[in-house]
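Engineer: Take a look at the following structure, please.
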Amino acid sequence: MIARLDWTTTPLGAFGSWSPALRTTVGLMLGSRAQIVMFWGPDYVALYNDAYAPTIGNKHPRALGRPAAENWSELWDDLEPLLRQVRETGETFHAKDRPFYIERHGYPETVYFDISYSAVFDETDAVAGVLCIVSETTERVIGERLVRESEKRFRTMANQAPVMMWLTNATGYCEYLNRLWYDYTGQTEADALGFGWLEATHPDDKQMAADIFLAANAAHRPFRIEYRIRRADGAYRWAIDAGAPRHSETGEFLGYIGSVVDIDERHEAERQARESEARFQAIANSIDQMVWSTRPDGFHDYYNARWYEFTGVPPGSTDGEGWNGLFHPDDQERAWTVWRHSLRTGAPYHIEYRLRHHSGVYRWVLGRAQAVRDADGRITRWFGSCTDIQDIVDAREVLARSREELELEIERRTARLLEAEGAMRQMQKMDAVGQLTGGIAHDFNNMLSVVISGLQLLDKRLARGETDVQRYIDGALDGARRAAALTHRLLAFSRQQPLDPKVVEPGSLVAGMSELLTRALGERIETRIVAAAHLWRIHSDPGQLENAVLNLAVNARDAMPDGGRLTIDCSNVYVDEEEARCYDLPAGEYVTIAVADTGEGMSEEVVARAFDPFFTTKGVGRGTGLGLSQVFGFVRQSGGHVKIESAVDEGTTVRMYLPRYYGEEPGQRLPRAIDATLPHGSPAEIILVVEDDPRVRAYAVEVLRDLGYTVVEAGSGADALPIAIAENIALLVTDVVMPVMTGYELAMAARAAKPELPVLFVSGYAPDDALAAGMAGSSGLPMLTKPFAMEHLARKVRAVIDGDG
């Protein structure tokens with residue numbers, strides 16, 4: 001470029017007029033590969049080689065041969081003093097990364113150069129120019145600045161990090177550790193940098209940590225080490241040290257960045273978990289039971305050694321639902337129904353079924369499982385066991401056969417006992433009826449006289465052709481009705497049937513006995529009945545209550561041989577806590593029916609024994625001694641109490657306490673219209689009939705199917721329970737007394753899964769029987785007494801399904 005330029009237009013003049021020193025220096029400059037510019041003369045005319053041209057950008061080529069003040073006007077104030085210093089002193093000036101503010105690409109920018117300015121002397125040894133050798137370092141300077149800023153940001157961030165952080169160079173030398181490292185270990189920078197950080201590791205872990213780190217560093221691969229690190233207080237704690245290689249933009253390996261995290265608590269928890277797992281395995285594999293575990297959804301993922309010993313299957317072959325194939329085919333659906341119910345509801349799993357032994361024989365086992373829940377109540381696992389109970393089942397069958405024989409004998413003896421007890425009760429009733437005979441015979445003859453006389457008069461009048469005979473017809477009918485009512489009342493006292501509790505208006509019941517009592521007690525006894533206003537209702541067997549009142553009235557009559565006054569008083573009372581403790585009653589509201597006489601009274605000794613069976617003060621042939629004991633038994637079975645207040649020559653009051661009934665008032669429910677036909681059902685209504693006696697069960701099933709219901713039957717509670725849970729049952733009809741699982745236990749288990757399931761108990765015992773009262777009776781569920789007619793079963797089933805039972 002210098003050779004092609006017309007130098008005559010420049011301050012230096014034609015090339016041929018240049019001094020030897022200028023031509024020599026220019027020749028050396030053009031032959032060099034270094035970036036060189038020379039400023040000649042007092043105007044600092046610029047001459048430069050091709051290597052320098054790119055450094056001035058768009059100032060080339062116009063800058064060649066022109067004064068520096070023209071070419072670099074934007075930085076002349078900065079450049080001129082440097083050039084003048086060299087020109088005036090002749091001394092060389094050096095600078096590294098010297099910044100200059102220049103416009104070389106159409107916009108101002110700051111650039112950096114390494115510079116060396118030297119004086120060029122002419123033939124007279126005077127400084128004629130300044131030779132500048134430059135090397136632009138802008139990219140490196142800016143890059144290093146960015147690195148420093150990035151490193152500063154990294155260190156600021158790292159010092160705020162909750163974990164210990166570090167940096168190494170390519171040799172593995174640690175160049176940086178954040179503040180947390182020094183706070184945690186107590187080391188200083190002098191202690192830790194380089195490879196000093198290894199001094200903070202446990203002596204037993206130091207070599208291992210160094211070997212793993214150096215091997216990773218040599219291979220430029222990530223690494224992860226667990227070792228013990230010394231805390232500032234001297235304690236060693238487990239930590240994880242993890243690092244990843246760093247690379248430049250060009251892919252050059254720069255070293256590692258990594259972190260150290262204290263995991264001592266986790267390490268200890270894992271150690272304890274391993275120990276716990278080992279203990280669990282040791283225990284699970286040492287017991288005789290088969291132990292298993294599942295996920296929350298029921299997927300089996302663990303069995304102990306005993307399971308595989310028992311079944312003989314390969315480990316893992318029964319994971320998931322594979323265990324289902326080991327059930328006896330007859331037990332499979334039942335076992336899975338109960339298991340799915342437990343998974344759905346979280347209820348404990350408890351069932352007996354047959355499991356295939358490794359010998360190929362099916363053996364009875366007891367399967368049980370409990371859900372494990374977290375703090376929020378969510379199921380996290382199921383733990384269960386299977387216990388071989390074949391020996392127990394065999395023994396149970398032997399025992400069952402013995403028990404059947406024993407039960408037959410008990411039934412025979414019970415039947416004889418019940419027969420004797422019924423006879424005794426009937427004898428007592430007939431004793432009371434006998435007391436009525438005289439008065440009733442007199443009244444009955446009077447009524448028959450009215451009927452006979454009326455009919456005779458009617459016959460005569462009609463024979464004479466008279467038609468005015470209505471009054472004779474009315475008189476005869478009235479006498480017949482009165483006789484029928486009296487007969488009905490007598491039969492009510494003498495009938496034999498189980499207790500049948502109903503809602504009773506006690507005032508109305510006692511008032512209805514007025515005529516009967518008057519005739520039974522005779523003309524010398526004044527009878528007075530008093531009932532409080534708004535008398536509460538009770539829940540009792542009205543026939544038994546009438547019998548109790550009659551017994552007390554007859555006893556009162558016998559205590560007044562010369563006549564007297566009998567008062568029956570019905571009142572509302574409240575029994576407080578103190579009084580309730582004396583009577584062995586719950587505190588609360590009661591109705592009292594007090595039968596008081598003005599007779600001979602009783603001594604304290606007689607009162608103390610008055611309720612004893614067969615105890616009587618009457619003469620031979622005048623009583624069984626069962627009257628008061630039966631009154632006492634009836635009232636206690638009705639939830640009440642009987643109290644005797646008496647003194648010799650001061651009369652006696654027998655007070656019956658019967659609990660108030662809190663049910664709905666009469667008339668609140670509309671009565672069902674009486675239908676001449678039996679109430680029927682529909683096939684959509686499924687009834688489960690549970691009865692261990694196949695003949696009774698067959699009768700009930702046939703009747704219900706004839707009535708249009710869909711009927712499912714079972715011979716035991718154990719067979720019925722899965723059906724009751726799984727099927728859409730409209731009604732469970734179950735016998736109360738059954739072997740193994742009673743009807744009450746079946747109903748309670750089924751209603752635990754289906755609280756709204758309707759239940760109808762069927763029993764061959766009276767509802768006040770001890771067994772029924774203790775189980776079905778206390779449940780508040782309806783009951784049907786055997787034997788029952790088809791009509792009774794049809795109406796009771798329909799009523800219970802409709803919610804009227």
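Numbers run from 1 along the shown chain.
Each residue, glycine too, has its Cβ placed from N, Cα and C.
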Engineer: Coiled coil per TrEMBL: which of the ranges 39-73, 354-388, 389-423, 459-493 is that?
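Structural biologist: Matching range for coiled coil: 389-423.
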Engineer: Across all chains shown, how many C-beta atoms besides its own are within 10 angstroms of the C-beta of D735 (4-aspartylphosphate)?
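Structural biologist: Around D735 (4-aspartylphosphate), other Cβ atoms within 10 Å: 23.
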Engineer: With CB pairs under 8 Å as the measure, which of the listed stretches 150-207, 223-275, 276-346, 349-401 comes out on top against the domain 'Response regulatory' (686-801)?
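Structural biologist: Counting Cβ pairs under 8 Å, the winner is 276-346.
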Engineer: Tell me, by DSSP, whether D735 (4-aspartylphosphate) is helix, strand or coil?
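Structural biologist: Assignment for D735 (4-aspartylphosphate) reads strand.
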Engineer: Per DSSP, how many helix, strand and coil residues does the domain 'Response regulatory' (686-801) have?
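Structural biologist: Going by DSSP assignments, the domain 'Response regulatory' (686-801) contains 56 helix, 23 strand, 37 coil.
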